Structures are given as structure tokens and as C-alpha cells.
């Protein structure tokens, strides 16, 4: 009885298992079969054609799975139809790709970073669905993943490449659709891949980001949009370069024009000297005046570098540059200022020494102007002239600079102690140091001049250049020698270039034979006051040092109030030190800002004592003592502004 019941049950189970095979749901069976045999069910060689592959597959199928009996099939149909609906079995549909059908190609928009490119040694157009499935299974085996996680995205026929990507197993919503190519390649076993897919030849695997990104970017660049972008970029670059070149050329032109104007303003024109033309055979050899012939004119131009250039011109064809100082057309000898013969040796024109060694008429007239020029201004006139800057500029241009020629200073190597080679002390008012060595005249030299004060008071000031590293000892020797109570410094240590060295100590310093002690520092709004004690042997001197730092670079201050306050403080200290030496004033060259301070100080004393001021006479007096004092027309205007401001603050009782 038990055998009768067990046999139909066993037949039923076999029928169900066979029905699963015929309905193509035989994955479980194949897996078991493959597991037992430890080798794949179907092996295809790449040299076999499709027909031979089909024959081998069908023979293997019949050999392993013999056809069931008709009774079993009829029984099995009833069960399979109810549980496993299946279409008619056609092996060609499973193994061959129908024309126009790409069941395994997904063509999804996967990012390049997630795509893997596999390069094969066989033509892509020879691949069919069967080979693609084998390829997918081999890649999955090399990755240790399920075949369902490997997706063939695109076939590249020209390069014999297959694009694929790997999806994560059990992907949750919100997770990326494909894994990163770099991450997949790290887990790929290339040896397993090549052993599983020998029919595909040599296989090379790489991420698309490295293989194709450069090509894609190049394609984008040379597309229509990329071409336009390149053209726009080149156009912008050319425009920028052109603009920079234009700006550079304009800047060069402005600098050249500025240099030419500066050189033109600094040129010194000496008075034309009439030269006698060669006498004709009909004239007497000793005749000096030949009215029937146009005399030649010798015009000497001294450029800012101190080079003299003699120039001979005929007055009949060339007009002489007008001189700002006009001479009355009186007698010939008076007009010339000398009875020296006008006959010159033309071969000696290259040597300009005689023009320097002998005082020229032009220089004499310039000195006469400096000693006699005057324009007294009352308070209303001072306010009016301050409002007319062009009148002040014209007046300033008439004042001779009275610079000194280096050959007038008979001291060897004196140039080593000059900050600027064209700014030299006037020999008549030069400060001479007590010689350290009688045989060394250079030890007596310092670039400094005594300056007269109000009413021509002798040695009221000393105007000097900013000390250099090799003249600091000379500077302190001069302060000690002259017993100066006050030092006024109107410059920073550096304004683009060095203007002055730090010549005082922080606490204590020894300079030559003079010891300098700083005993107090007082910081004011626009200047710093230091109380100094100078010692030499058993003797001491007290000196106040004013360092004015509010003067802007390359222009005059906007307000004269700080300079006026400095001047009043210095004047108070000077009066408190009656009987001592001159006030030492310096900037960098010792003529520009130094001249402004001294001229303002003298003018304020004149306003206080007389109620009027003669700024023109004051500046001329300064230039007699030191050439170039009050260096520019802007500084000349600034002096008038400072005097006008001081005058407005004077009370009627103060004016005498």
C-alpha cells in the first residue's frame, strides 16, 4: 500500500521538475548541474559560428535531458499551465539577436565617472545576444556580483569598446543608479575576467573619465559654441593688450613732456655776448664795432647737470631769447659792464672755464636784482596778492636762483659731502668748521650757510642739507661750534628716496668728540620735540630738536597753520636763548622747505614790528646767502599764505 502511494507522488514531483525545465524556468536545475560538474553548461569558442553553437547546445540538451513520455507530458501540462504560463519554446530566440533588437543595450544617461570602458580584440558588430550575456556573466564573476548588477550601456563599434556600469545591489530610493567606476575597478579581478572570457581576446578595462573625457572635451571645444568661445576670448585678449599698450605709450609721452618741461625750467641762460665777426680787408684790424654787419652771438646754456654748451648764432637770422632782466640801452661800455675786448679766439670755445672764472654781466645784474628787488605789501595788499596766484608766479620767475658753480669752491673732493651735486653752499656765507687737521681742508667743509634774519641780522639762521652717513659728525660739530639752541628738521627720513639719516640717538650717542643725550621727548600733533644735552669734555649745551613730519611729499601743505605753530614755538625758544648762536634749519637739500620756514619766520617778525611785509625782498636776501632758497613757485605762494594767516591773527595793539 505504501509503495502504491509513494510511486504516484514521486512521478508527480518529477513531472513538476521537468515542467519547469520546459517552461525555461530551469535556472535552478542548471545551477545544480553546473555546481556538480564544476564547469559552465555551454562553452562557446569565438571561432564557432552561430549555427554550430546552436547544434552543440541542442545536442547537449537532449543528451542530459531525454524527452519524457507522452503520458508524463500530458500530466505535466495541466500543472504547468496553472502555475507557470510559458510561451512556445524556440531556441533561436534565446541564442540569436533578432535584427533591430538590442535587448541588452540600455543607453542610459550615466555620468562619465560611473561608466567603465572595456576594449576588445574582436569586432563589435559580430557580437550577439548570447555573447553579450556571456560577457556580462564574466564581468559579474570577476567583480563577485550578480549578473543583474552589470549593465551594458553602449557599444562603440569604431573603437571595439563596450561601455558598462554596475548598479548597487538592493538599491534604495535616493541612492545613485550606478557605482563609481574607480570603486568598481578596485574590486575587479582582471585575471578572472580574462579566464572567463577567452573568446573575446585580450581585454583592457578603464574608466571612461580617463579614456574618453579628453576626446569629449576636445569635441566640445571644436563645436560651434566652442569656436565662438575661443574667438571671443581671443578678441578680449587682443583688446586688453591694445589698451595696455596705449596706456603705456601715453604714460611715456607724459613723462617725456614732464622731463622736457622740468629741464626747460631748470636751464640757466646767460646773457648773449656779441662777438666781432672777422674783419674784411677793407676794415681796420683794430676796429671793434662794425655796424654794417650783423654780429654773431655767443649764447651759453647750462643744463641741469652742470654741462655748459656754447652756441654761436647770427642775430640777423636767429632771435635771442629774451632775458627777464632788461638793461637800459645806454653806453656800450656800461651795457657790457667791462672794457675787455669782445674779440674771442674761436678755437677756445670748447673750454668754458673763462665764463665761470670771470663774473659775467648777467651774474652782476642778477646780484643787483637780488640786492635791490622789493615790493612792500600792506595787509590789504597781502590779501589781494594771495588771491592772485598768477601774479605771484610771475614775480617768482623773475627772481634769480643764484646757484653756485662747483668750481667756485676750492676744496678738493668736497662733492663727497654733498647730498645733491648741484646744491652747493655760497662761498661768501659758507659755514667753516674748525679744522681737525690743518693739512686737510675737507675737514672744514659742510654744506651749510649762515642766513641773515630780520633787519639783516647776521647769522640768525643756518640753512643746511639733511645729514648723510658720512657727515653726521660734521653736523654735530657745527651745532656745538655755533652754540645753536634749536634744530628744526622739516623732512621725513625717507620720501621715496632717502632724504636724511637718523642722526640723533635714542638715548645716548657719541658723534666724533660730541656726546648727545636725549633727556625728554614730547609728541605734538604735527611735530616731535626732543630735549637734548650736548657734552664735550666738561662743557655742556642744551638744544631743542623739532622734527616736523606733516609736510607732504612733492607738494606744499594744504594749511599753513601747523608750520606757523612750529615757527612760533621755535621763535619762543630763540628769544629765551638770547645770546646764543643761530637756529639750525634743514630739510633734505636745505633750500626748499628750509627756505619756506626761514622766510615765514622773518616775514612774521616784519609784520609784527612794521605792520607790512616785503616777501620779495626776504626771498632775494635768502638767495644771496644760499642759492635756490624757496625752490618753487608753489612754495613762494605758500609763504604768502602763511604770512596772510599770521597777519589775520595779529591784534591791532601788536602792530606798531
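A Cβ is built for glycine as well, from the same backbone N, Cα and C atoms used for every other residue.
As annotated in Swiss-Prot, N-linked glycosylation site applies, among 128, 526, to 128. Residue pair residue 553 (substrate binding site) / residue 128 (N-linked glycosylation site) shows a Cα separation of 87 Å.
Minimal Cβ crowding within 10 Å, among the recorded positions 128, 588, 631, is found at 128. Looking only at other Cβ atoms within 10 Å, the busiest spot among the binding-site residues 590, 592 turns out to be 590. Largest Cα-Cα distance over the residues recorded as binding substrate, namely 553, 587, 588, 589, 590, 591, 592, 593, 631, equals 15 Å.
For the pair formed by residue 631 (substrate binding site) and residue 128 (N-linked glycosylation site), distance between Cα atoms is given as 99 Å, rounded to the nearest Å.
In this view, residue 553 (substrate binding site) is surrounded by 9 other Cβ atoms within 10 Å of its Cβ, with every protein chain counted.
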